[in-house]
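Peer 1: Got a structure here, written out as structure tokens. Questions coming.
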Amino acid sequence: MSVINCEEVKRDEFHTEKYYESYNIFGAHIVTEDEMRGVRFTVWAPHAKAMSVVGDFNEWDYEQHKMLQVTEEGIWSLFIPHIEEREIYKYAIETMAGDVIFKADPYAVYAEVRPNTASVVFDIKGYEWNDKNWSRKKKKKSVYKEAMTVYELHFGSWKKKEDGTLYSYREMAEELIPYVVEHQFTHIEIMPLVEHPYDRSWGYQGTGYYAATSRFGTPHDLMHFVDECHKYGIGVILDWVPGHFCKDAHGLYLFDGTPTYEYKDKDVQENPVWGTVNFDLGKREVRNFLISNALFWMRYFHIDGFRVDAVANMLYWNKEGQEQSNEHAVSFLRELNEAVFAEDEDFLMTAEDSTAWPLVTAPTYEGGLGFNYKWNMGWMNDVLKYMECAPEYRKYIHDKMTFSLLYAYSENFILPLSHDEVVHGKKSLLNKMPGDYWDKFAQLRLLYGYFFTHPGKKLLFMGGEFGQFDEWKDLEDLDWNLHDFEMHRYMHDYFKELIALYKRSKPLWQLDHSREGFQWIDANNNEQSIFSFIRQGDKQEDALVVVCNFTKATYENYKVGVPDFEYYNEVLNSDAEQYGGSGQVNKKRLKTFQEPYHNQTAHVEITIPPFGVSILRPVKTRKGSKKQDGSKTKVRSNVTSRGKR
């Protein structure tokens, strides 16, 4: 990609039109002009009175390197010869009020390690990628009809060195990737890696949207990390925050002394929940900044997806106490998704949205926002409330476990067990479970069994796979020493077996977004808090029967209606002794009885374990078996879901 000389750019391309390569104009680019090597600095500051570039090269004297205003709308530029890579710099901006403020470059691709705040000249080009095979394989797969297991993590607290320092991008490639491969996750989702000044913001309050945070190394080091992920078949999703940004003095806030990237109207500018300000998504220059940024990460870092943070905060703003939709945000999100999918039709665009806004994952040409996935926050909240309830009272909130199936096909959903639910006093997943030590582990195994068999793709926050006992502590690493304890090892073994079963079982993911893929057997047994259902794949014989018991009672010879296959085998039981359970399993092949039950044509009798999930797979179809209407037996279903992009 060539650097565009900003003096040759028509002002309409950035100020009034869709221009998604703004990173080629703005920022600090190493170039040769008039046979001299140096750096071209370009910045947008529409209300600046004067601009200059400062750094060690001029002893931070803002009188030396004055910038030239090249458009009336406020593009400033300057070529400085003999400046080399790794030079640190800022922009000195004289405001209309006569003050001089110092700002980091909004388009810088590298920055000093915090607490320092200067931008760093860096040649982003030149990394040699080795992921062509990954790209070819990705194009052969459907993001809708494949297994998807996402491992969400915070880069700085997954694991630390013995002295407490952080692993670099390259070191994390050596530490993290084998772990992810062992657990058969298909993707990792990393909490924001844009440059940010405050560790405890977890990256959600950024100052440098184009700069991969220098806490862990250089941009090329991060490229190496992504390249290695692709080498081992792992997709990389980044958390991305296009709705709001932090108010640190060196960042985007009041960039030229006036609201530049944020709204002017204080009622909609301020975001009091997080102490941030909202991007002015109605301003063309801001849209070009953000959409160019998304494409920059795709093109330069080969990212496979974004989890777009706080979409609810973007869709609605609270002005004078009235909740109103933000039409700027609605049109921005549609424009963003159109640009992203024009670049890569196999990209993952996931909305973190807790609202009931319709058609979030419908294409824009159908009136949707254009995402292809949405976090199912309702499912997460309902299920965790149910699990936190004492088992004997769960029968009174039975609908929390069934309600999600009323809307499961209204969007393309990912089921998140995310970082938000294991922090700020909410307890870890394991510690949310009521009861004694054994009960907690049994119920977490049960939760995971329900999680992996419920329609929707899967996301789990780090530590959940082995039963992290304490809630997430962002300044520490995970409690890896828990592997010294037997029950945590059992939990870890169970999780790995469960995710392996999920990946090799087409019924659990092939029809995630179609009503054909799920059927209740019994959704109404609130007295015993038992749920049973069928997951179905494309083929009739691709079916699994799932029975979940959310109390500590054990049931012998429990009748479960099933599709009419001759035999069933239990392929997983969360109560097996090798997982730390009591051993109430169904070891023998289960013969079906030709008596209708639960609105099915046959039934089996099984042992249902305490706080357990039992997954049954048919062995073979009964030869010549017929339903009462004379048709061949198949799993009953309703209408298919609407078409996808």
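Even glycines carry a Cβ here, placed using N, Cα and C.
Feature list, courtesy of Swiss-Prot:
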ACT_SITE  Asp309  active site, nucleophile
ACT_SITE  Glu352  active site, proton donor
REGION    619-645  region 'Disordered'
COMPBIAS  636-645  compositional bias 'Polar residues'
Peer 1: Taking the Cβ of Asp309 (active site, nucleophile) as the centre, count every other Cβ atom within 10 Å, in any protein chain shown.
Peer 2: 22
Peer 1: Provide the number of Cβ atoms within 10 Å of the Cβ of Glu352 (active site, proton donor), excluding the reference atom itself.
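Peer 2: For Glu352 (active site, proton donor), the 10 Å Cβ neighbour count is 20.
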Peer 1: For the residue listed as 'active site, proton donor' and the residue listed as 'active site, nucleophile', determine the Cα separation and express it in whole Å.
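Peer 2: The residue listed as 'active site, proton donor' to the residue listed as 'active site, nucleophile', Cα-Cα distance: 5 Å.
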